[in-house]
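To start, the structure under review is shown below, and the notes come after it.
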Amino acid sequence: MLVEALPYIRKFEGKTFVIKYGGAAMKDEVLKNIFAENVTLLRKVGIKVVIVHGGGDAITKTSAKLGLETTFVHGKRVTDRQTVDVIQMTLAGKVNQDIVQLINKDGGNAVGVSGLDADTILAKPSPNASTLGLVGEVAEINTRYIDLLCDAGLIPVIAPIGYDMEGNIYNINADDAAAAIAVALKAEKLIYVSDVEGVRVGNRILKTICKADAAELIEKGIITGGMIPKVVSAYQTLDGGVGKVHLIDGQITHSLLLEVFTNEGVGTQFVNELEQEPTAEEGAS
C-alpha cells in the first residue's frame, strides 16, 4: 500500500481534510482506536485534519440517566434548555475529550473545540423551531481559530454546538456543521465516516459519481430514501468550493486510509464532473 500511497501523500501535503466522524466507528473500541491511528497518520504526512463529530447515542444515554425524556421528530432531537445542557456536557465534554485522548495517545496532537469557542459556529434557529426547540442551523463559520490550530500542527476536534447573537445555544446536526466548515475552509476533501458503504446501485457501490449522473439516478428512483439528502448535500458542498466529498463505511478496517491513499478506495466519491482517467502517478482520490 505504501508505494500506491506515495503519489497521494505528495498530492495532499498541506491540504485540508474535514472529517465528519460518526456511526459504529465511534462506538466500537477497536474501530475507535483505528480511526485515531488513521487521523494521526494523515496529520503526520502533512495533511491538515479537522474533525467534526456526532454523539447522539451518548446524549440519549446521558439524558436517560438524568431522567429526561428524549423525543425525535423526523429524526431530529427535540431540544429544550435542559437538553442543551446535556448536549454541552456530553458532546463538548466526554465525547469530545474521548476522541482527543485517543488521537493524542497516538501522537496526533488533537485539541477539543466547541463551536462556541472563538465564535467558530454562529447559529440561527431552525425553520422548525416551534417543534424542535433549540435545534439550529449554521449561520456563519469563523475559521480563524481552526486555521490557527491547523497551522500549529494540531488537529481540531469540533463538537457541533453553536450560538446566536442573543446568546441562545443550539444543537446543530453534525453533518451540516461539517459541510459548512469544509466550505468555509475551502477544504480539499469532506469525508463522511458513517455506517453507509456509499451510493449503491444494484449490487455494487459506485466508486465515483458526478452531479449529472446523480440527478439522473434520483429521477429514475434508483437513489432513494435517506441517500437523497446525502447526495444533494454533497453537491451543495462541492458548489461551495470543496474539492471532493467522500462517503465511507467506518466499519471497514482502515477505511479512511484506503479511501484517501488507494486508487480503488472503499466508498463513493462525489465530483461535479467526471475526470479523465488518471495515471498511476497522478492518483484518483
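Cβ coordinates come from backbone N, Cα and C, glycine included.
Here Swiss-Prot has GLY55, GLY56, ARG77 binding substrate, and the candidate from ASN168, ASN171, ASN173 in that same listed site is ASN171. Comparing the binding-site residues GLY55, GLY56 on other C-beta atoms within 10 angstroms of each C-beta gives the minimum for GLY56. Annotation note: LYS230 (site 'Transition state stabilizer') sits in a helical segment as assigned by DSSP. Geometry remark: LYS20 (site 'Transition state stabilizer') versus GLY55 (substrate binding site), CA distance 11 Å. Taking the C-alpha positions, the distance from ASN171 (substrate binding site) to LYS230 (site 'Transition state stabilizer') comes to 19 Å.
The substrate site, placed at the center of the C-beta atoms of GLY55, GLY56, ARG77, ASN171, has further neighbours from the same chain whose C-beta lies within 8 angstroms: GLY54, ILE59, THR60, THR79, ILE87, LEU91, ALA174. For LYS230 (site 'Transition state stabilizer'), the same-chain residues that are 6 or more apart in sequence and have a Cβ closer than 8 Å to its Cβ are ASP175, TYR192, VAL196, LEU247.
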